Amino acid sequence: MEWIGAGSLLAWVWLLLGQGFFWRTDVRLPARRDPERWPSVAVVVPARDEAEVLPHSLPSLLAQKYPGRAEVFLVDDGSTDGTGALARELAAERGGLPLTVSSPGEPEPGWTGKLWAVRQGIALARLRVGPEYLLLTDADIAHEPDSLRELVAAARSADLDLVSQMARLRVVTFWERLIVPAFVYFFGQLYPFRWVNRPGARTAAAAGGCVLLRLDAAERAGIPESIRHAVIDDVKLARAVQRHGGTIWLGLADRVDSVRPYPRLAELWRMVARSAYAQLRHRPQLLLATAAGLLLVYLAPPAALLAGLAGGDSTVAALGGAAWLVMSGTYLPMLRYYRQPPWTAPLLPFTALLYLLMTVDSAVQHYRGRGAAWKGRTYGPR
């Protein structure tokens, strides 16, 4: 047990200092100034059965205070709850930016529904606007009135091809408070924002809820055709842009929020499990390695502390306690970002166990032919 405790502590020292300071939450939009000319922007919103959240999100897009030309294109991806009609009603009531609602029909073979909708939205935007930039945003994302202006100013000031902000997710219920901050924390651990944002970086990622993309960079990378089957489309998009010479930036948002509720554990479980095994490229060996890593890094510290205390081994207890303390300390900035009490930081091992179980369930569902299921569609590996 002493070796396990020591290994866990060493792992946390490395994560604290050597993993791009992933635990810090100070990566925000880079310094920016207003451009001499504001480029045209098309806002593309894929939407499937989003009538519940659309009244809380779409009006915020229509209300954007953008000095240049901007139009919103909502693509109704086969909704059965009146999403398209509701979008038109909201636009008629609220006014603001011009809104076009289209319904492209079922996706062609080899396409995910979301990316098929994005494809149709981009094609329509090219005809109507001839945009220089695309804002790809999900139907559950609400933007402050200056969000588009700030994104474009950041992209122009730093000559970035892709600017992505990770929207602040909702944290209201018990399960949201327990699981959501850890979701963003784990994402940052996999894709440290500072590594993503370094010139010449090999790490690439984006947050699909809010992506500003230069159109010519999208064309060079063949977006969305080149990633048409991707379940984790945001990371694939960023990699494609970077691979074709594009510059990317990823950070946390202060003024972009998800309004989608996850009131029960079951909804959060489905949200994570639908893509967790895809993140591991559907490889059993990566699943085993992930499970071993989560056990050593997150569950071994409290286990070593409790075992040391129960067995009277002060060394094991000290190693486990120190690792748990470092772990909790790295989680505090994310809890502050989500305005959660600091005393919940030591609960991270329990949350990590839940994520491990969700990942295993994702693999089980995949091998049962129900992997990557979302809103009535199931996608297999590619």
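Heads up, the Cβ atoms here are built off N, Cα and C, so glycines get one too.
Small disclaimer: the values here were computed from a predicted structure and weren't measured.
The domain 'Glycosyltransferase 2-like' annotation in TrEMBL covers 43-179. Here TrEMBL flags 6-23, 286-310, 316-335, 347-367 as transmembrane segment.
Per-residue pLDDT, averaged across the domain 'Glycosyltransferase 2-like' (43-179), gives 97. The transmembrane segment (347-367) makes no contact with the transmembrane segment (6-23): fewer than 3 of their CB pairs lie within 8 A, with pairs spaced 6 or more apart in sequence. The helix, strand and coil residue counts that DSSP assigns across the domain 'Glycosyltransferase 2-like' (43-179) are 55 helix, 31 strand, 51 coil.
Residues of the same chain lying 6 or more positions beyond the ends of the transmembrane segment (6-23) and with a Cβ under 8 Å from any Cβ of it are 185, 188-189, 192-195, 296-297, 300-301, 304, 319-320, 322-323, 326-327, 329-331, 333-334.
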